[in-house]
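Here's the structure we're looking at; comments come further down.
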Amino acid sequence: MTLSDHTPSWKKLSLYAVTWPIFIDSVLRMLLGTVDVFMLSRISDKATGAVGLANEIIYFCILMFGFVGIGTSVAVSQYIGAGRAKESSRISALAISMNLVFGILVSIVLVSFGESLLRLLHLNPEQIEIASRYLKIIGGFIWVEALSYAVSSVIRSSGNTKSVMYVTLGVNILHIGGNYLLIFGNLGFPEWGVTGAAISTVVSRLLGIIVLFILLYRRTPAPIQRKDYVTWNGSYAKQIMSIGLPAAGEHLSWQSQYLMIISFVNMIGITALNTHVYVMNVSNYFMALAMAIGMGTEIIVGQMVGAGDMKAAYQRLMKSVRISFLITIAVVGVAAIFRNELVGLFTEDPKIIAAGASIFLLSIVLEPGRTFNLVIINSLRAAGDARFPVLLGIISMWGVSVPLAYLLGVHFGIGLLGIWIAFTVDEWLRGVMMLLRWRSRVWEKKALVKPASVSDTGVGAQG
């Protein structure tokens, strides 16, 4: 069958229909960590800060699992757009197996060296003991998240974003219920505090991955064969890695510089740390808006590139950037108005509320710049142009963000606000450069896949 025999797959997708479930899913995923922070804040700020930093290490690992997910999403989207559904299923199976192996290795590292990693963040001994218990339980089962990322990426790539959203919703309901029972010891259950929060997270994620696998076999364009999970295909692996490894490099660079900057926050003091944890828990939801539009656009652009329609891909991204920019300004503007109330959800400490409120005002400038960065980066990858974002990211993060954060936050004594000013400069610099890269149209020559009517070899130009 050639592309002319049916309506191109991307024409069946609208940005809104693809994006809103991704946004809800992203928000719900972040709630898994935020719910722990929020409910544990009822115990003590000390427990909250410890779990917040343990979650930074967990998020770091989850971002690394995303590199296979990103590579898979791009490759599968392009194969579907090219009308090559069977190959999209084969590469999906390989990606799931790769991420499972990677996840098991990371679980071993976190269980064995979790406490040592926490010591690098300059926590006090009491917080290390709390965070270590939490990290060992979550870390021991982090391979479940590795599987979840891979399977979710495959399901989403065909445009079935609602299915993943519903699973994440179910996981969150179970998680909140588990926290209620196990953190506080309600309804006759043991009062386990931080340990209870970790166990609740693990159980809900295990049930979620079971449902995701059921959906995988009901939603993919062509059924995955069992043998495909254990069949190595170097060509498919190369396609995944050509996008995934640069994406991993960019994520690794971001999270590494972020952990470095967290150590600067710790130098400022415990009030700054707790303020940062609370503000980041809210700011993550701002980012979810741009990330959702970026991921939705990535699916559509990937299918457009696979079908060979570069003009449509270019126009789609530019429209998405405008939409994301306007929505972000509106949402952050509302958050700035209610900034005191937002921080007050987590604490009654007036110093933390005042410091957090000033950060929310700065977010009016920061978040629109981050929008350019997040939305355009996804479409560059969807087109196969994955190396430029990581090179620019390393230069900007380590050449601008880290030194500027130290200078403003620690050296010149501006404190937490100075560190967030450094974040703002970095996001705007990278965002503008990403926009210039897209407008150059260099990405048009980097597609992984050619349409079925043109070639059946599978690998396009990649340089």
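Any Cβ shown, glycine's included, is placed from N, Cα and C.
Unlike curated records, TrEMBL annotations are generated automatically.
Look at TrEMBL and you will find 13-32, 57-81, 93-114, 134-152, 164-185, 197-217, 258-279, 285-308, 320-338, 350-367, 388-408, 414-436 tagged as transmembrane segment.
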Feature contact check the transmembrane segment (93-114) with the transmembrane segment (258-279), CB under 8 Å, 3 or more pairs: no
Considering the transmembrane segment (320-338), which listed stretch of 13-32, 57-81, 93-114, 285-308, 388-408 counts the most C-beta pairs under 8 Å: 285-308
Beyond the flanks of the transmembrane segment (197-217) by at least 6 residues, Cβ under 8 Å: 32, 36, 39-40, 51, 133-134, 137-138, 140-141, 144-145, 147-148, 151-152, 154-155, 160, 163-164, 167-168, 170-172, 174-175, 177-179, 181-183, 223-224
Does the chain bring the transmembrane segment (13-32) near the transmembrane segment (164-185), so that three or more CB pairs sit under 8 Å (pairs 6 or more apart in sequence)? yes
Let me spell it out: take the transmembrane segment (93-114), skip the flanking residues so only those 6+ beyond its ends count, and list any with a Cβ under 8 Å from a Cβ in it. 57, 61, 64-65, 68-69, 71-72, 132, 135-136, 138-147, 149-151, 153-154, 224-225, 228-233, 236-237, 240
Given 57-81, 164-185, 350-367, the one sharing the most C-beta pairs under 8 Å with the transmembrane segment (285-308) is 57-81
Residues sitting near the transmembrane segment (164-185): Cβ under 8 Å, six or more positions beyond its termini, same chain? 21-22, 24-25, 28-29, 31-32, 35-36, 39-40, 42-43, 152, 155-156, 191-197, 199-201, 203-205, 207-208, 211-212, 215
